[in-house]
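**Q** Okay, handing you the structure first.
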Amino acid sequence: MANYFNTLNLRQQLAQLGKCRFMGRDEFADGASYLQGKKVVIVGCGAQGLNQGLNMRDSGLDISYALRKEAITEKRASWRKATENGFKVGTYEELIPQADLVVNLTPDKQHSDVVRSVQPLMKDGAALGYSHGFNIVEVGEQIRKDITVVMVAPKCPGTEVREEYKRGFGVPTLIAVHPENDPKGEGMAIAKAWVAATGGHRAGVLESSFVAEVKSDLMGEQTILCGMLQAGSLLCFDKLVAEGTDPAYAEKLIQFGWETITEALKQGGITLMMDRLSNPAKLRAYALSEQLKEIMAPLFQKHMDDIISGEFSSGMMADWANDDKKLLTWREETGKTAFETAPQFEGKIGEQEYFDKGVLMIAMVKAGVELAFETMVDSGIIEESAYYESLHELPLIANTIARKRLYEMNVVISDTAEYGNYLFSYACVPLLKPFMAELQPGDLGSAIPEGAVDNAQLRDVNDAIRSHAIEQVGKKLRGYMTDMKRIAVAG
């Protein structure tokens with residue numbers, strides 16, 4: 001099979017990369033009605049599989065789970081989760097032939113085997129759903145022409161999808177119809193009903209394409225979302241300890257620092273995150289972030305180039321075929337790093353202390369978010385998509401590090417994200433070591449003293465922060481989510 005994106009001509013590639021439309025609330029007036037009375041069969045019962053299924057059932061849809069025969073007979077975790085939540089469970093052969101919509105929510109690595117198993121069992125005119133388009137775009141999976149292929153991609157982990165639904169809200173979501181598989185022209189109606197059933201329509205929906213979702217998703221997770229957090233954690237910890245900081249304190253400052261810093265990012269973007277600093281610290285964080293952007297820009301561009309060309313995917317799929325040798329080696333090496341094995345700090349670190357003593361970490365977040373966004377937009381991805389795949393998801397990933405350090409992050413994210421994370425961090429750590437050697441007192445681990453600042457310089461820095469394109473689009477999208485949340489709570 002050929003990489004689907006590489007079979008398109010340049011005009012088609014640009015059109016699909018640039019497909020992004022923020023959908024109005026009135027477009028979801030019918031809710032999930034298009035799928036009511038139809039049979040929806042979910043394949044896979046992991047975090048997305050279970051939590052999307054719970055939401056869809058609560059929205060009035062007929063949901064069941066198709067699992068491999070051995071998963072049922074051996075009562076594996078997927079079988080236990082589905083049955084404990086009261087769902088009907090059966091084998092592929094028992095459930096797929098009656099399904100109107102088959103939703104494939106297994107890991108990327110399993111998609112080809114799953115799709116090749118279920119396709120022959122699907123009835124004529126049925127629909128196949130994904131929450132990530134890797135199998136279609138990068139693997140180039142060929143789907144029967146009578147089958148409609150759609151995507152609903154929540155921009156949050158599965159647990160968050162469920163929690164927001166229970167609060168009467170939802171999570172921002174991308175939806176798409178594969179242009180090669182929409183024989184009856186009903187793909188968008190199916191996708192809209194599916195996303196409404198998950199609650200995503202209450203938080204904002206982007207009509208996108210399989211191509212735009214995959215290329216932007218890969219770029220975000222490899223660079224700012226996972227790779228930058230891993231590289232930053234290792235670099236900052238080693239720097240602190242080398243300068244005499246207690247390893248336990250250094251570990252806590254970093255482990256919980258990312259979450260604290262990005263909580264401000266979630267509420268008010270880069271502007272609010274930078275506003276948490278004193279004026280001298282803000283000026284220093286800005287200067288550091290500009291240096292970091294200059295150093296890292298070629299690395300971010302290389303990752304985007306390799307994602308667009310398919311070089312990244314072909315390399316990762318070769319590792320799949322080699323029993324994940326590279327992935328497992330990198331995972332083991334990460335687990336042995338000084339940061340991962342450092343003792344826990346029993347004392348308390350106040351919220352503001354994370355900002356005051358983490359100026360470099362704030363600079364890394366700012367540089368990484370802006371670079372990921374800029375690199376995606378320069379490659380033809382629309383700003384709204386680039387925002388969701390950079391700034392929006394960062395607090396969610398930072399939260400996983402706060403739970404169990406890098407181990408937890410790499411367990412929670414997909415194998416695809418983990419592989420890309422290692423590629424980036426293994427290149428980024430040596431790249432930034434000369435920069436780390438030139439840091440000044442107050443950049444990390446101690447606060448920058450209060451002092452006089454140049455008013456004109458502070459004005460210009462504030463203007464530069466606020467006028468960046470990601471701040472403009474972010475303010476619009478966060479405002480929409482806030483407005484929608486008020487409506488959901490009120491109604």
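Cβ atoms are placed via backbone N, Cα and C, with glycine included.
Feature table excerpt (Swiss-Prot):
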DOMAIN    15-208  domain 'KARI N-terminal Rossmann'
BINDING   Cys45, Gly46, Ala47, Gln48, Arg68, Arg76, Ser78, Asp108, Lys109, Gln110, Gly158  NADP(+) binding site
ACT_SITE  His132  active site
DOMAIN    209-344  domain 'KARI C-terminal knotted 1'
BINDING   Asp217, Glu221  Mg(2+) 1 binding site
BINDING   Asp217, Glu389, Glu393  Mg(2+) 2 binding site
DOMAIN    345-484  domain 'KARI C-terminal knotted 2'
BINDING   Ser414  substrate binding site
**Q** Which value in Å gives the longest Cα to Cα span across the NADP(+) site residues Cys45, Gly46, Ala47, Gln48, Arg68, Arg76, Ser78, Asp108, Lys109, Gln110, Gly158 as recorded?
**A** 21
**Q** I'm trying to understand the geometry here, so how far is the Cα atom of Cys45 (NADP(+) binding site) from the Cα atom of Asp217 (Mg(2+) 1 binding site), in Å to the nearest whole number?
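**A** On Cα coordinates alone, these residues lie 22 Å apart.
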**Q** Including all protein chains shown, what's the count of other C-beta atoms within 10 A of the C-beta of the residue listed as 'substrate binding site'?
**A** 18
**Q** Should Gly158 (NADP(+) binding site) be counted as helix, strand, or coil on the basis of DSSP?
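**A** Its secondary structure by DSSP: helix.
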**Q** Tell me, in order along the sequence, which binding-site residues from Ala47, Arg68, Ser78, Lys109, Glu389, Glu393 have their CA within 10 Å of Glu221 (Mg(2+) 1 binding site).
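**A** Checking Cα-Cα distances against Glu221 (Mg(2+) 1 binding site), the binding-site residues within 10 Å turn out to be Glu389, Glu393.
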**Q** Looking at the recorded positions Arg68, His132, Glu389, Ser414, whose Cα is closest in space to that of Asp217 (Mg(2+) 1 binding site)?
**A** Glu389
**Q** Just to verify: the residue among Glu389, Glu393 with the fewest other Cβ atoms within 10 Å, which of the binding-site residues is it?
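**A** It is Glu393 that, of the binding-site residues Glu389, Glu393, has the fewest other Cβ atoms within 10 Å.
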**Q** Ala47 (NADP(+) binding site) to Ser414 (substrate binding site): how many Å between their Cα atoms?
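**A** Distance (Cα to Cα, whole Å): 11 Å.
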**Q** Taking only the residues in the domain 'KARI C-terminal knotted 2' (345-484), give me the average pLDDT of this model.
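**A** 95, rounded to a whole number.
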**Q** Looking only at the domain 'KARI C-terminal knotted 2' (345-484), how are its residues distributed among DSSP helix, strand and coil?
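**A** Here the numbers are 107 helix, 0 strand, 33 coil.
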**Q** Fewest other Cβ atoms within 10 Å: which of the recorded positions Lys109, His132 wins that one? Let me know.
**A** Lys109
**Q** Counting only other Cβ atoms and using a 10 Å cut-off, which of the binding-site residues Cys45, Ala47 scores lowest?
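**A** If we count Cβ atoms within 10 Å for the binding-site residues Cys45, Ala47, the smallest count is at Ala47.
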**Q** Rank aside, I only need the closest one: which of the recorded positions His132, Glu389, Glu393, Ser414 has its C-alpha nearest to that of Lys109 (NADP(+) binding site)?
**A** Ser414
